[in-house]
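**Student:** Heads up, here are the entries from TrEMBL:
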- N130, K131, S132, D133, G188, P189, S190, G191, V192, G193, K194, S195, T196: GTP binding site (BINDING)
- C272, C277, H279, C285: Zn(2+) binding site (BINDING)
- 81-248: domain 'CP-type G' (DOMAIN)
- 91-246: domain 'EngC GTPase' (DOMAIN)
Amino acid sequence: MSRPAKPPAQPAAASHLKPGLVVASFGRHCLVESADGERRICHPRGKKSQVVVGDRVQWSASTDEGSVERVDERRNLFYRQDELRTKSFAANLDQILMLVAADPEFSERQLARALIAAEAQNIPVIVVLNKSDLQPAFDRSWARLAPYRHMGVDVMPLRLKAATAASSEAGVEDLLQKLNGKSTLILGPSGVGKSTLVNRLVPHAAALTGEISRALNSGKHTTTSTTWYWTDDSKQTALIDSPGFQEFGLNHIEPMQLAQLMPDMRAALGNCRFYNCTHLHEPGCSVRDQVAKADEPPSDTAPAIGANRYQIYGELFAELSDKRRY
Ligand SMILES: Nc1nc2c(ncn2[C@@H]2O[C@H](COP(=O)(O)OP(=O)(O)OP(=O)(O)O)[C@@H](O)[C@H]2O)c(=O)[nH]1
Ligand SMILES: [Zn+2]
């Protein structure tokens, strides 16, 4: 997979097009896997056709490299958007695995943002809380996730490493069942065990990453690219590992759309006095009636909308409204 100078692009006849899957991308080039498993570096043709991992593409060969001629229609595209740019994670996902841990303590704001972006694309999310060996941090984090269990999010405990020699991994089998036959994007802040998980489920992941780095010839930078891994030889189950991120921008979401994208808020919609209720200050608001008092701790039997969740809604609403003023 060496990279000789790129030959001038030749438009290819449709008969030369071959289907492929984008399994890694970096900058303007990507790695495309064909049905027979062969992988080759491809360059997108034209400026507009930005490809992302998970894209099904039609490509044509040119010497030992190729060019992506067409991107098939996407089932979904998971992305975030801040003031400056839109950053795509991956396309055509069956689900997202949001990995958090007992330690470092997770940010509920980041979690809520990722869930909203996923909801906007209709992609189910599994929240996995790792490091169940760390007590009392684990129980505390598990309790903080109560509002999410309550609103129907799948929340699973996990232990990838044992703190003591006496305990062993736990929850891996249950997780494997959820992943089986699906394409799952793994998201998570730094330090939660993302690489431990990928290496546990894809034993040859490290070698593959090295191979991809060499192929894309971008040295150290390729560690920040997104990679598609098959966990099985029959290529039915895939994990997509993505680089960490600082902020999850939701600038692509309209503020008036927010409540619809938060299942606990959504369940309370429909009975507000004003049809264009923002649920922030209006009288006769059916959402505000359902908001827990700030001093109530989250629990599995708490009122429909937790105080933290409502606060996150209010902050996001203000943030997204602000963006639209200029
Ligand atoms: N106690 C405990 N530690 C764990 C568990 N799983 C992973 N770790 C440890 O957590 C630390 C972070 O794990 P990584 O897999 O490197 O985390 P990461 O999410 O890839 O983090 P970055 O490399 O910063 O992106 C490592 O020291 C792991 O050994 C667990 O279940 N329990
Ligand atoms: Zn309302």
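Backbone N, Cα and C atoms are what each Cβ position is placed from, and that goes for glycine too.
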**Student:** Over all pairs within N130, K131, S132, D133, G188, P189, S190, G191, V192, G193, K194, S195, T196, the annotated GTP binders, what is the largest Cα to Cα distance, rounded to whole Å?
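**Tutor:** Looking at N130, K131, S132, D133, G188, P189, S190, G191, V192, G193, K194, S195, T196 as a set, their Cα atoms extend up to 19 Å apart.
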**Student:** K194 (GTP binding site): which of the binding-site residues C277, H279, C285 is the nearest Cα neighbour?
**Tutor:** H279
**Student:** Do you know which of the binding-site residues N130, S190, V192, K194, C277, C285 end up with C-beta under 6 Å from ligand 1?
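**Tutor:** Cβ under 6 Å from ligand 1: N130, S190, V192, K194.
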**Student:** Sorry to bug you, but what's the C-alpha spacing from H279 (Zn(2+) binding site) to V192 (GTP binding site), rounded to the closest Å?
**Tutor:** 35
**Student:** Which of the three DSSP-derived classes (helix, strand, coil) applies to V192 (GTP binding site)?
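**Tutor:** Looking at the DSSP assignment, V192 (GTP binding site) belongs to neither helix nor strand, so coil.
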**Student:** Measuring Cβ to any atom of ligand 2 with a strict under-6 Å cutoff, which of the binding-site residues N130, C272, C277, H279, C285 qualify?
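**Tutor:** With ligand 2 as the reference and 6 Å as the Cβ limit, the list reads C272, C277, H279, C285.
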**Student:** Here are some binding-site residues: V192, C272, C277, C285. Which one has the most Cβ atoms within 10 Å of its Cβ?
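**Tutor:** Per the Cβ count within 10 Å, the most buried is V192.
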**Student:** Can you tell which of the binding-site residues C272, C277, H279, C285 lies nearest to S132 (GTP binding site) in space, using Cα positions?
**Tutor:** H279
**Student:** What other residues of this chain sit with their CB within 8 A of the center of the CB atoms of C272, C277, H279, C285, the recorded Zn(2+) site?
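**Tutor:** Neighbours found: L269, R273, F274, T278, L280, E282, G284, S286, V287, R288.
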**Student:** Does DSSP put N130 (GTP binding site) in a helix, in a strand, or in coil?
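**Tutor:** The residue in question, N130 (GTP binding site), is strand (DSSP, three-state).
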**Student:** Work through the binding-site residues one by one (N130, G188, T196) and name whichever has its CA nearest to the CA of C272 (Zn(2+) binding site).
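**Tutor:** So, of the listed binding-site residues, the one sitting closest to C272 (Zn(2+) binding site) is G188.
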**Student:** Using C-alpha positions only, work out which of the binding-site residues C277, H279, C285 is nearest to S190 (GTP binding site).
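**Tutor:** Checked the binding-site residues C277, H279, C285; minimum Cα distance to S190 (GTP binding site) goes to H279.
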**Student:** Given a 10 Å Cβ-Cβ cut-off, pick out the one of the binding-site residues N130, S132, S190 that has the most other Cβ atoms nearby.
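**Tutor:** Most Cβ neighbours within 10 Å: N130.
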